[in-house]
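Remarks on the structure that follows.
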Amino acid sequence: MSEVLTRDETDSASRPARRRPLRLPAARTATGAACAVLLLALPFYVDRFWLQAGLFAMAAAIGAIGLNLLTGATGQLSMGHAFFLAVGAYGYCVFAADGGDGPAGLGLPAWLAAVLAVAVSGIAGGLFSPIAGRLRGAYLGIATLALIFIGQHVLFNARDLTGGFNGRDVPPLSLFGLTFDDRELVVANVPFGSAEKLWYVGLLLLLGCGLFARGVLRGRPGRAMNAIRDHRIAAGVIGVPVARYRAGVFVLSSMYAGLAGVLLALVFQRTVPDYFGITLSLDYLAMIVIGGLGSVAGAVAGAAFVSLLPQLLTRYSDALPLVSDPGTGGIAPGEAARYLYGAAVVAVVLFLPGGLVRLAARLRVKPRPGVRVTPRPGATEGEER
Amino acid sequence: MSTFAELLLNGLSLGSVYALVALGFVVIFRATEVVNFAHASLLLAGGYVTATLHDDIGFWPALLAGIAGAALVGAAVEFLVMRRYRGSDQSVLAIVTIGVDILLTTELTRRIGTDVLTPGDPWGDAVLTVGPVSIAHTRIAAFVTASLLITVFLLAFRFTSWGVAMRAAAESPETAALMGVRLGRVSLGAWAVAGGLAAVAALFLTVFPTPGLERATSLAALKAFPAAILGGLDSTTGALVGGLLVGVTESLATGYQSDLTFLGRGLGDLAPYVVMVAILLIRPAGLFGTKELARV
């Protein structure tokens, strides 16, 4: 199972890396099709644990794509990504819940609630734009820390909306009369619970988000964003409205985070404020650094790595040395995973600038001079000072 | 009025502790251009060493060990990790420190677990009462120690050859290197000093009236970031003013939160960040930060 997922991620990782016309279209299409079939067939063969792990990875991938647009492609460090995930997750709950008992709710149709939640995340990002448009680098990074603390404060205190410390239940998604809850629906002798059904929603959303971000990155806005990252003043001189772009990317990235939040909430089926702390923001930064800054595939690869690693370690903790069950005094799987990806962040920047995507590209083709597969993560704002 | 005076004094004391942390942060930034997001974990390391050793070797040796330990961790981070990246871009370096922070914080929180470690300080919960105003001994000790350390540090920064080397390196690394300043040593020194200052701050962040060293202490340490930023990342004066501002804001917001119940509980933890955002809106480079000049 794990090997299946790895194969999938390396393939999707290699896709946007190409810059020239397809070199092996037939082989590429074939691999792509095989992976697509595999991903579509998984819910029929794999148990719930892995489906949930996969869904977390998908949600994380959507969020990481958003952060990569902001931090990787535009060079704006954000530590407040978890805040926008929270806005998405809780926004969905507030719009979709019927508000009968417990926290407030508007009782809107679930799909509309999801759309509105994403919109609200975007608005939250927009409200921060006076800061996001003007600050850069470390200043923005620390200013966005404020969002985390403001978010935590609101989540713990606005009990009517968020349920306070204990969080609130997430109403299931329903679409075209199909409800994505645990009421079983049997498809081809396989019972379809919420994880199985959501799997397809997650795939679809991830595909859409990935394609959209790729379009943004490859088109005119992407060039402008990279220009801002590489040389802000030069970009301004060419005619890129720097502040507007920075604010705009911030809004877009918060909408991605909002969508990731909605999907996470749907998978968790309950949202609690503790989850949306600073650790989560750091996890997302780790994802894009490990996967590769500035590319969609990098975000997906990094998200898969960071979010599947703890699950893998948990599942196989008995068989692994040094890892023991939580509470027994040894290194718990979650901690072991954090050690690994903390070290991975440090090592990737040192040995593999460009992240996992670069590694995949390097394995696939022999490096040719003059072909830069992924943008160098570093080239940001050092020159201006 | 006496409440206000008490809160103000407490805030100044707390602020001087934040200023210590922020000062270390600024020193690292000035000497090496690194925005050190691992600073909170340096602080946690120092506090952890002090809190685990004081039972065996007494408080003062334990404190010294904590300072040395945190300085060592800081130096090790510089020597083993940051040195490999010298010359990389600022944001890359910042991300590397985030990786380091994930590693250190995971290790320390795993060791601390759910315990609350007492720092074993000699002040206990004694309170000094002057007229209507009463203030804890720990707060006085914090203020005195922090002011002393900051003064010594600023004097050293100005008058010793070490300080001159550090300022020269901050001004222009290349020129400094040509003049015979060893950049490696300067940045090693900056990290070690920052670690030591953070360890002292860790002590005063965990004494009475706080319960002790626990996982959440690193969150308290994070408040040095807004302190450093709102003063201006490259200004030592800024770190002092920022620290005091953050401390006083926090203290006042906590003290008067019963009058502000509509804003929810735990306002004190939030207020510094709100102040930071407000100041950055008006002055994007902080209060004392040098405005960036670009030559095209």
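Placed from the backbone N, Cα and C atoms, the Cβ positions cover glycine too.
Feature transmembrane segment, per TrEMBL, maps to range B:92-113 of the set B:92-113, B:158-179. Counting Cβ pairs under 8 Å to the transmembrane segment (B:12-29), the top-ranked stretch among B:59-80, B:188-208, B:270-290 is B:188-208. Only residues 6 or more beyond the boundaries of the transmembrane segment (B:188-208), in the same chain, are considered here, and those with a CB under 8 A from a CB of the stretch are 17-18, 20-21, 23-25, 27-28, 30-32, 36, 39, 42-47, 49-51, 63, 66-75, 77-79, 82, 117-119, 121, 123-125, 136, 138, 141-142, 145-146, 149, 153, 162, 166, 217, 220-221, 224.
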